[in-house]
């Protein structure tokens, strides 16, 4: 099976997500896979999945609009793996009017819920679908305040929901690409039938 995964290369941990997804694909004998940087809307329809990495959500939202990617992303038939700022963009509701969310996951997100850089932290958290806790890196992370009936909560911490799944889409408020642990990238691809 040929698989092509894209990583939205507008801002954030692009190289780290490319490496993580390629490492997972390389462990699947039946898959010939590639992971590419996505800089243009025309690249998106040919992908099986796309990652929206963390960064600054207002900047990424503006660049998505500038590069005419919003409509292509909302109509994308593959799965979307979104982390940190990517989670904010996937929401139906965001409190910041500068962000034009994609509305692909029925959730309300509080961006930068953990505020300043010094409020960033790491924690081992249980995640539905994983057999052991995941070491999560939270950097000025968002928190999900509520989810609709179509969304499944995968992980919570005291401050709120930090991992959500809806259909083919997974959104995480933390940075799995910085943990050195491929289980969430693998879990996402498993949900798409790739693993």
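Every residue number used here counts from 1 along the chain in the order it is shown.
Cβ atoms here come from the backbone N, Cα and C positions, even for glycine.
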According to Swiss-Prot, which candidate in 39, 98, 111 joins 55, 56, 57, 139, 140 at the L-glutamine site: 111
Distance, residue 175 (active site, charge relay system) to residue 56 (L-glutamine binding site) (CA atoms, angstrom): 13
Neighbourhood of residue 111 (L-glutamine binding site), C-beta criterion under 8 angstroms, separation at least six: 57, 85, 88, 94, 95, 96, 99, 142
140, 175 as recorded positions, winner by CB count within 10 A: 175
Remaining residues near the recorded L-glutamine site, that is with C-beta within 8 Å of the centroid of the site residues 55, 56, 57, 111, 139, 140: 54, 84, 85, 88, 112, 141, 142
